[in-house]
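Here is the structure we will look at, set down as structure tokens.
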Amino acid sequence: MSSANLIRVALGAYLLIFFSYLLGPLVVMSLTAFNSSSFPTVSPWACFSYEWFDVLFNDKHIRDGIYYSIVIGIGTVILSVSMGLAASIVLTQVWPKLRSTYYTMIIAPILIPGVVLGISTLVFWDRAGAFFGATDGSFLYGLFHNGIFLTILGQSSFIASYAMLVFVARLQRFDTDLTEAALDLGATHTQAFRKILLPFMRPAIASASVLAFLASFENYNTTTFTIIDYKTLTTVLAQKVRLGINPSISSLAFIIIVLTIFAALAFEAANRNKEHKLAVKKGKASERKSGILPSFMTGNPAAILLVLLAFVVIVMVGTAQKYSPETCKIEVREAKQIAIQQRIEQLKEARRLKDEAKAATQSDAPAAPTTAAPKNSGAFGNVFAPTNLSDEDDAAPKAAPKDGNGAFGNVFDPNNLNSE
């Protein structure tokens, strides 16, 4: 094998491993959404089922979490994009010697842990409410202790820095002479911003908005401290992971993946269509002729994939209304019971064979010799024999001594005290 072929094979293997590492977990999680098993698993496969999507749609906590995540995401986008755009414009106007210091101050929130930002946001606005004299039940108290309000502020404190980086990258290609020319021609600063700078920044605004929304939607470290009485999707999922999950979480992941792919394909198809129209206007391309495929799909693979994806989703939704996995579940349950019974019988047979082998071994072994009791020997004789304490000795009391025996005779005889 030549070196060029070896490099090609190594590069292909690397790409396969790389994309398997990135996309493998997503594929596995998507498959678990269609397994009827009560725990997210691919093997062993039970039955193909759509039931976990129904469980997902009927889960009130998930629905509330998605709703509040979207509301907080929209609020974060508005606040973060506004602050990021303002910060990026100030960066271009500030004194050059202060730009590095200003840039460091704006980027600093990105380097601060989300836990610190969440706690500091909670403490700061609680102290602010006390400073303004907000009492329990007042408007300010309710605002400064509102989980949605605090979460939007806490997330925007660092997401605005990400938005600013997007705007700074766009402003580096902006020609400031355009604004100066507009001002020289009598335009106000507001008109110059609205007519010249804002249209130029529109792609960056769209990119920063998407980035801010996604960063807000998936944030957990800051949100878990500032959300208070509310719940976002990330906090609900974290709680479910602690208490035990089911494949409805995989169903949610599958829906998010499909929506992401759908949006990416739609964006790519629209861009290709726009580029083709520009090329036609410049005379570099000809009009697409509609044949088997519509004109917007001709020469546009992204549009074809988009239509196929939409068709597959429609077929799945229609199939889910009629398909029932109950018959398959009954068969799987019976198969499991048979397998368990067979396993029990195997264990019983193994135990019986083991007991028979043990009994055969004991019967074949030679009889153990009997050992005689040790004779009374030694200096102490049978003093320590346990038979010395038997009841036979107690049954025969000792005979009373004869009268007059001993040096004192019968002086200590208790009968001497009897009266005659």
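Numbering starts at 1 and runs along the chain as displayed.
Placement of Cβ uses the backbone N, Cα and C atoms for every residue, glycine included.
For the transmembrane segment (12-34), same-chain residues at least 6 beyond its ends with a Cβ under 8 Å from one of its own Cβ atoms are 40-42, 48-50, 52-53, 247, 250-251, 253-254, 257. Under the heading transmembrane segment, TrEMBL lists 12-34 (among others).
What TrEMBL records for 66-267 is domain 'ABC transmembrane type-1'.
Residues or ranges marked as transmembrane segment by TrEMBL: 66-91 (among others).
Note on the transmembrane segment (103-125): residues 87, 91, 144-145, 150, 153-154, 157-158, 160-162, 164-165, 219-226 of its chain, located 6 or more positions outside it, place their CB under 8 angstroms from a CB of the stretch. Annotated transmembrane segment per TrEMBL: 103-125 (among others), in sequence order.
For the transmembrane segment (145-168), the list of distant contacts is 68, 71-72, 75-76, 79-81, 83-85, 87-89, 91, 106-110, 112, 114, 117-118, 121-122, 125-126, 129, 201, 204-205, 207-208, 211-212, 215-216, 219, 222-223, 225-230, 232: same-chain residues at least six beyond its ends, Cβ to Cβ under 8 Å. As annotated by TrEMBL, transmembrane segment applies to 145-168 (among others).
According to TrEMBL, the transmembrane segment annotation covers 196-217 (among others).
Counting only same-chain residues 6+ beyond the ends of the transmembrane segment (249-270), those with a CB under 8 A from a CB of the stretch are 26, 29-30, 32-33, 40, 52-53, 55-56, 62, 237, 240, 296, 300, 302-303, 305-306, 309-310, 313. Taken from TrEMBL, the feature transmembrane segment applies to 249-270 (among others).
For 291-318 (among others), the entry in TrEMBL reads transmembrane segment.
Sequence annotations record features per position, and here TrEMBL assigns region 'Disordered' to 355-420.
If you look up TrEMBL, you'll see 359-374 marked as compositional bias 'Low complexity'.
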Other than its close neighbours in sequence, what residues sit by the transmembrane segment (66-91), given a CB gap under 8 Å and a spacing of at least six beyond its ends?
99, 102-103, 106, 148, 151-153, 155-156, 159-164, 166-168, 171, 197, 201, 205, 208-209, 212-213, 215-217, 223, 227, 230-234
